[in-house]
């Protein structure tokens, strides 16, 4: 009959047909759902892109979404904002969801949970899950795509340039310096920076300098006389290109100011000069970055001259750098003697007007920074097991080379691992010539169980500097080739079996299985053939009573009708022979199982007894005779 929409509980019982029957039961719950139950339906499967400014406050509403339940008469739905696996998919709960009801609908409001930053993450993909309230809850998902809009919330930041110099007597318009500021906002014009001279009474240099608002280049507006004033403090401003979005900004652009000290230098009419035309130094190839190799200084006859240094050529790969105020040349990049042994640098000394040059030759010194490298990562060889001829015997030779080509190539080899006993070399199976890399086997090796192994693995090391330097290594695998040195073996020695009397010929009695520890994949060394060496002969026919399958070791009866009453037990000797002619023997002890094949027999042909005569009344229940029978 038709079912109502409710839950039914049933108990199901299952039983077998045994005597007595066994049974089990289980409780089953059936939820009958409305055939019209459908998953919730979103107004849209994708909402957005929704654009919001990065500086919206925490708690601000970003989006309103809703879905219908899909169940007639049951509009209840439940929303959930799913956390994703990345920051862009709300892994860190940047947004949160509030559920509300309005005019019979249930809405999901997406709101800001943490401050947003356009410069860090520009867009978000949120997944919202909605479930209905049916007997069987169904769900569906929608995507909300949110894009942040950049606002001008970053303040420009000046970089470097705190002190500069200009020569006295230079013409108006002489470039003094160039200031630079960076604005981290993500879009134009928020990150556009303009430069200004601050118009303030404290800015003593405002009337003497001007600045290019686009580039930040500072130029002179007058011809300076050092004897009137030796330095000026100039305040410059960096201002971005849009009204500020920062609190209490008054819609003015973000800005920052900085003082630059500009010194007025003597007129420079003498170039710097070096004491020598050539300087030389050495540095180890593994020297640390920032290590000072040497300091080269120049002199200037002009008073108060400020000399700056620069490497103008020869600095291949940026291996070196110079401190421009001191002339200290230091390591700036990785050095490698094997790649380049010598650098010839051209060093310039400048006093802002005139300059001079010298040559600096730096020799890179070789150090032991390359470990030996073997020709192969793994060496493999094969030898025959149990071979005791010409021991110790060479099995292979390994070779390693040292990348430090100009250093002595005195490599020393040694072994560790299986078959190597450094504490007691007499127990070792292998050894190596420390200078040639020749590896020797010292003893006959057994590959077969229970005490042998088919492969020996050990590690060969190569150490340079005569055993005092760096180490390289390779793996060595020595595989043993099998010989037929193991006879078959019956592990139990004596095996026991049973056979029923009066059975037919060909009845399976038992199975005899031998093991051969030789390699089964090496010819016929471990391929076994079974035979009966000492069989039992049937007296009447002279035929063997038992036979064995040569390839399986299955023992069967070769004749019929064994009689337990005649012979209850048999013992035969089984031979297992491998392909090389080696043999092993085992004993099969076979017991004949009895069946009811003999009739009982009286122990006498006639029995006699006497009884007193009686009238047949009140006879006592006492035996008058006991007869016996025998069953074989």
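Glycine is treated like the rest: Cβ placed from N, Cα and C.
Per TrEMBL, the feature domain 'Cadherin' maps to 1-42 (among others).
Across the domain 'Cadherin' (50-158), mean pLDDT in this model comes to 93. Residues or ranges marked as domain 'Cadherin' in TrEMBL: 50-158 (among others).
The feature domain 'Cadherin' is assigned by TrEMBL to 158-274 (among others).
The domain 'Cadherin' feature in TrEMBL is assigned to 275-374 (among others).
If you look up TrEMBL, you'll see 375-490 (among others) marked as domain 'Cadherin'.
If you look up TrEMBL, you'll see 491-602 (among others) marked as domain 'Cadherin'.
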DSSP says what for the domain 'Cadherin' (375-490): how many helix, strand, coil residues?
7 helix, 48 strand, 61 coil
How many helix, strand and coil residues does the domain 'Cadherin' (275-374) contain under DSSP?
3 helix, 48 strand, 49 coil
Within the domain 'Cadherin' (158-274), count helix residues (DSSP H, G, I), strand residues (E, B) and coil residues, in that order.
0 helix, 54 strand, 63 coil
For the domain 'Cadherin' (491-602), the number of residues DSSP places in helix, strand and coil:
0 helix, 49 strand, 63 coil
